Amino acid sequence: MAGLAVAELFAVIITYQVMASIECRQTEIEFACRALRSMTARGLAVITVLALCFWLRPRAYQALRDSAKYTPGQSIWLALHTLGVLMIFLPLPLFGAAEISQEFLPTLLIMSLGGAFAAMGALFWITPANKWWRWLRSEGYFLPIAILGACVVPDLADLIRPLWNLSNLSSLTFFLVFLVLVALGFEVGVDPATYVIGYDEFFVQIAAQCSGVEGIALITIFMALYAMLMKDDLHMRRFWLVLFPLAVLCSWFFNILRIAILIIIGAEVSPEHALNGFHSYAGWLMFTAVALAVVAVAHRWSWLHRSPRAPDPQTRFAEESLAALIVPFIVMMLSGVVASAFWPTPSDAYPYRAVAMACALLYFRPALLRLLQRPEAKSVLVGLAVGALWLVTAPVAISQGEQPSAVWIMFRLIGTIALVPVIEELFFRGYLQNRLLRGGMIWTVLALLLPNLLFGLLHERYVAGMLAGLAFGWLAMHKQGLANAIAAHGAANALIALYALITANWALI
């Protein structure tokens, strides 16, 4: 379920931050709009906090996993979750990307109800309510406390935002951003009275929203959670009096870099992308990474602990089959979000994305060697048929645009043919489909349909993507299934990529 939640969160980010950005100032209920937009940050914080809790409490995680395995929830909850997810995405086809801000009230109602359905369905699909209650009692209710803490991170940021009004803090931040830009060789223009800074024709005002208090809020929540879970082993004075100030200082420094990078992107690349792309993503992504890094340092720094750190478990993370099915997909989706943040044309970043995906697969090579077998010949034939149908049904008028470089073409071909098929099949067929297969015709149909609803969302041609996923899912249910699905997906992508190479029509892939 964790992998599914991550996939759904990234799908929401891509849908409502890239495909159809909701501009709150154009809506009739700006406060409600901003509250709705904050749900992405809250979801990211909740997932990260859950990962942290289960990392520090492996026995609690194993107990919950056993409960989900041996006493899963009824299928009605899965149906409710699926309905909720579909409702979250419904406003885009219903109102269109251009009109979604003008139709915000029905969008708010549909997405709020869908979010409630999706959360409730996921919760009780994992395991029934009585099992949750028993598990929570045995674990001291740390999970709801952690989730509550994660949910209020944006509110904590709003609470401490008045700190930005302290003249010394705001002036020092402004001055350090100026120094960073000057050190990089730019001719910077400033208006210290209004905190306006920039160069060439791009200038921004460093306001309270750019103060970086989100990072301080995240670090405070994460460190408080870590202190609560490790209270018997931590030197609390050292932890809070030494590490916490260092962590806040680190977060503040990274926020200065973030503002400088935003100005550079706006002046050198695209003002619109700097404000609507990078500014939307970079803050929470960067602050989450810093907060996790601080927790990792705290866990490794023996000076902060009363007893020596326990040795790492014998089973390496790279050998865990479940992680091998999920983590490469998370890397692929996260690299897409980063590309949207830093590149006006996200496809230009594909070489870097391909390297990230390849590294993720190589890291899990021990687990993948156990999971995968030699595919059957029929899988290649099915894949070629899927690829041919994809080409035949492609829109006639596809914009070709400027032709890419040879390096980009090389990485795009490698990613399309060798990397993406493996990563997507590991997640959608190896993880999601197998998670849903519980015996019986109903579960078999659900296992085929539900993962491919999400699989289709990854493709611009949603219906064609879903139908291709159904073919790969059918192969995955047979002997040597996962290897067959990967081979078919690779063959389909290879045929499409070959046609794109011959015709120089890279919009096909």
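For all residues, glycine too, the Cβ spot is worked out from N, Cα and C.
Nobody curates TrEMBL annotations by hand; they come from automatic prediction.
For 408-495, the entry in TrEMBL reads domain 'CAAX prenyl protease 2/Lysostaphin resistance protein A-like'. If you look up TrEMBL, you'll see 36-56, 76-98, 104-127, 169-190, 202-227, 239-266, 322-343, 349-368, 380-399, 405-424, 436-455, 490-508 (among others) marked as transmembrane segment.
Touching of the transmembrane segment (202-227) and the transmembrane segment (36-56) is concluded from the presence of at least three CB pairs under 8 A, sequence neighbours closer than 6 excluded. Over the domain 'CAAX prenyl protease 2/Lysostaphin resistance protein A-like' (408-495), the average per-residue pLDDT in this prediction is 89. When DSSP labels each residue, the domain 'CAAX prenyl protease 2/Lysostaphin resistance protein A-like' (408-495) comes out as 76 helix, 0 strand, 12 coil, counted as helix, strand and coil in that order. The recorded stretches the transmembrane segment (76-98) and the transmembrane segment (436-455) share 3+ CB pairs below 8 A when only pairs 6 or more apart in sequence are counted, and are therefore in contact.
By the Cβ criterion (under 8 Å, sequence separation of 6 or more), the transmembrane segment (169-190) is not in contact with the transmembrane segment (104-127), since fewer than 3 such pairs are found. A Cβ distance under 8 Å defines the sequence-distant neighbours of the transmembrane segment (239-266), meaning residues of its chain 6+ beyond its ends; these are 173, 176-177, 180-181, 184, 186, 197-199, 202, 204, 206, 210-212, 215-216, 218-220, 223, 227, 273-275, 278-279, 282-283, 286-287, 290-291, 294, 297-298, 301, 304, 342.
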